[in-house]
Amino acid sequence: MRVLSVRFRVLLACLALVLPNSETNFLSKERASQVLVRKRRANTLLEETKKGNLERECIEELCNKEEAREVFENNPETDYFYPKYLGCLGAFRVGAFSAARQSANAYPDLRSCVNAIPDQCDPMPCNEDGYLSCKDGQGAFTCICKPGWQGDKCQFDINECKDPSNINGGCSQTCDNTPGSYHCSCKIGFAMLTNKKDCKDVDECSLKPSVCGTAVCKNIPGDFECECPNGYRYDPSSKSCKDVDECSENTCAQLCVNYPGGYSCYCDGKKGFKLAQDQRSCEGIPVCLSLDLDKNYELLYLAEQFAGVVLYLKFRLPDITRFSAEFDFRTYDSEGIILYAESLDHSNWLLIALREGKIEVQFKNEFSTQITTGGNVINNGIWNMVSVEELDDSVSIKIAKEAVMNINKLGSLFKPTDGFLDTKIYFAGLPRKVESALIKPINPRLDGCIRGWNLMKQGALGAKEIVEGKQNKHCFLTVEKGSYYPGSGIAQFSIDYNNVTNAEGWQINVTLNIRPSTGTGVMLALVSGDTVPFALSLVDSGSGTSQDILVFVENSVAAHLEAITLCSEQPSQLKCNINRNGLELWTPVRKDVIYSKDLQRQLAILDKTMKGTVATYLGGVPDISFSATPVNAFYSGCMEVNINGVQLDLDEAISKHNDIRAHSCPSVRKIQKNF
């Protein structure tokens, strides 16, 4: 059988050689139908007893699938091998196309092609990057993966950075996955430690001391910052701090003043505005204590103007007329002119005034000149009826219809001319400059009121109509003793603060008795040119029911007292003593004064200014920029001022606003309760 089989195969080979080339690539129909049929060959008995051998069975001879199974002795390998075996036969048969050889991986010969078939790892089925080795199996293979790879062919990288059992791969910052592995990295500004997992911040400020130039270098985790003081912004191009112009950003509601490192907002206090709590917007200054500002047109105010007369009347009466004046009078003032009468040629005159609270009469006629002061003190703030009447040989003065003085005289006070007595009468003040003609000089200003006047026995003829038509000539219905600042003007004084006997050189000792009607305003200010080197001011506190007392040196607070209730019926006392070495602020109700940490520098600035000329203002500041001092609103309310032991009299001011009352202040308005 073996010999016949061999001969048969040789015959097939010979037949193949003589077949046309067009048929060499294909099996016959009959042969092809038998390829997948398992037929056991008729081998010799000795050959059948041997174990199957690939070389002997399928290379030296042609084998069918059954014979191939004898080699592998299992179906999986046989099923895997035999189709590929047929491919090798087709590729290496004589005259086969080169394309067939290429399909068999270009093995050099049939033996190489067939021997390679049983090795499942050839060609390599595993991923080249991920496999460590390939293990051949029965019609199968097993890829052994390198660390960091997975999959049946080691084709999938393991992302160690997402391993739930080792969060972030154990990296303190960044975990970077790589094919088959991973590594830790640090963010910019950090350096890797030797354990290759943890990161440490890099201190750029120490490594590069000049990295910020003139700014301050501040190390932060992973980076650094170049810091500038408040009000400055870092400029990386010049490595320096540049001032921020906050005013260019429309920061303030009204006036904004930029300065190196900051800015300040100001509101026009003279128009009734103050800086709000946000230090940017402006709001109206509220009334904190309502005063009784009601007036009566029948009450003539004698000190409506700073200088000059309040009212002028001229009488032309029969020559038998004698001078007479009767009126009700109210004042707290101690000195001033009530009325002045004179003839048309100014040769004869009569003065009725108040000195030290008592009635004083001065007169001059063609025969004599006299002055007399007497009677009771009447500057008590109540209404007193005063009458002055010329008799035949004397002048009679009565208060409340009781004679207090009787002045002898020769002749008439005023000489008739052409059958008429022409007389001019001036209320409160002197016409022209006649002070030098007086027997004894007197303050022409008088803060007082008159009513019910009867002049030359003509009643109120001529005067009533004038008084009724002018509101500023009317008196408040009720007043108290004190000086009144209406919140619309100031008074100026010239005060020398230098004390040659004092080692401190200059001294400002101020005592104020105040009853404000608004909680914001300048009480006292020293002005030098366009600057305000010193100011004592009130500001409404945040509570809305109390006030803060502030001492300003130029534009900064040197000392302040917080949350004091000053808007009440009872006046409050305030003291401020300051020289080049120290500052003391005091009130009887609060002792917890807050002083500036920069006080000594502020005092040095003030000391330099006080060596020059300063003007003293009460009730506000003059018409300078309202950025000259943080508070520029006029003070409103009652206030009496003592500076360096001298009680200031507004009648002695260099100038004062017409509406400032020197010796009277409106009473607090009484709130009527409804029951």
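Even glycines carry a Cβ here, placed using N, Cα and C.
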If Swiss-Prot is the reference, give me the range from 88-116, 378-406, 523-551 marked as region 'Thrombin-sensitive'.
88-116
Could you identify, going by Swiss-Prot, the member of Cys121, Cys143 that forms a disulphide bond with Cys126?
Cys143
Consult Swiss-Prot and report which candidate among Cys241, Cys265, Cys267 shares a disulfide bond with Cys252.
Cys265
If you pull up Swiss-Prot, which of Cys256, Cys267 shows a disulphide to Cys282?
Cys267
Quick one: which of Cys228, Cys256 does Swiss-Prot link to Cys247 by a disulfide?
Cys256
From the disulfide entries in Swiss-Prot, identify which of Cys145, Cys161 pairs with Cys154.
Cys145
Where does the mean pLDDT land for the domain 'Laminin G-like 1' (299-475)?
89
By CA-CA distance, flag whichever of Glu57, Glu61, Cys63, Glu67, Cys212 among the recorded positions is nearest to Cys247 (disulfide bond).
Cys212
In the same chain, who gets a Cβ under 8 Å from the domain 'EGF-like 1' (117-155) while lying at least 6 residues past its ends?
54, 72, 74, 76-77, 79-81, 84-85, 88, 105, 179-182
Considering the glycosylation sites Asn499, Asn509, which residue's Cβ sits among the greatest number of other Cβ atoms within 10 Å?
Asn509
Pull out the recorded positions from the set Glu70, Cys121, Cys199, Cys212 whose C-alpha sits within 10 Å of the C-alpha of Cys267 (disulfide bond).
none
Collapsed DSSP category at Glu55 (4-carboxyglutamate):
helix
Can you grab the distance from Glu70 (4-carboxyglutamate) over to Cys449 (disulfide bond)? Cα atoms, rounded to a whole Å.
146
